[in-house]
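Notes follow the structure.
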Amino acid sequence: MSEQMRIMRSKELPKELRDRIGARHRSGQGYKRISAALKVPKSTVASIILKWKKFGMTRTLPRPGRPAKLSNRGRRALVREVKKNPKITVAELQRCSREMGESSTKSTITAALHQSGLYGRVARRKPLLSARHMKARIEFAKKHMKDSQTMRNKILWSDETKIELFGVNSKRYVWRKPGTAHHLPNTIPTVKHGGGSIRLWGCFSAAGTGRLVAIEGKMNAAKYRDILEENLFQSAQDLRLGRRFTFQQDNDPKHTAKITKEWLWNNSVTILDWPSQSPDLNPIEHLWRDLKMAVHQRSLSNLTELERICKEEWQRIPKSRCEKLDASFPRRLMAVVAQKSASTQY
């Protein structure tokens, strides 16, 4: 290949030369002949003629923006690193980029990952699943996936939760001007340890919410048994589940303690055999979130008010919301199978 052709591979052709290529093509000359006559690579001739056919011109079209600082090869290498280790930091990716001979800024690396559909997000916290847990989850999912709606409607879902007085972990947005972040109307009052908290036990079914009980002092197996004795059958009666309902509880040690098992057995309560480390299967988790969001929209000053408002908001949860969450159970089971027992999006 001549020196002129090598130069033309890296430089843009003059307009006059591009026009001559177009004219020779229109006069019937082929790519090979035009290339030899004008000493232009055949691929360049083909590219210019294709542009003329498509756009009716041979001049260079406007580019979408400045050329990328990171090559396609460099971007693909970064994507591979991220897929190998999703928790890798941008600073670590910067070092990888330098080692490849393509020193890039953090913003360049971030933009390149965005082009590949990868975005930095807060990692979700999920229970640690052992091989035993995963086996139990898949077996449970396959066993109950085809349960009838009538059977699901008879499930009484239950759980405990903690609600803090000032909602330390909750986010509130305000409209404010720059420089007014610390003005009193634009802040949320906090105190050490959230100003205290209360623990609650609650239950619900497709028919609506059952009892919501504040747990006094430290929860143990005896106290849990007393909560069930005072609230389980009353909740089932209020929700018109009859005596032949299925009670769901997780595998907390208080729930599986000897005195709890004896009480459940003596009262002929049918238990849903629940897999450990599986809060994503329990729709009541979404109901707790609804409750906390509603409670922290209210004005609270002490724990007594917090308990009262929790019970008020619990009763206000519409039956349609309970029906929707109960109906999500089969989809949760399918998600476990699809994820091969790993944590799901729920």
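Glycine too: its Cβ is placed from the backbone N, Cα and C atoms.
Where the annotation comes from TrEMBL, it is an automatic prediction and has not been curated.
What TrEMBL records for this protein:
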type   : residues : note
DOMAIN : 8-59     : domain 'Sleeping Beauty transposase HTH'
DOMAIN : 75-146   : domain 'Transposase Tc1-like'
DOMAIN : 155-306  : domain 'Tc1-like transposase DDE'
Whether the domain 'Transposase Tc1-like' (75-146) meets the domain 'Tc1-like transposase DDE' (155-306): three or more C-beta pairs under 8 angstroms:
yes
The domain 'Sleeping Beauty transposase HTH' (8-59): DSSP-derived helix, strand, coil residue counts:
37 helix, 0 strand, 15 coil
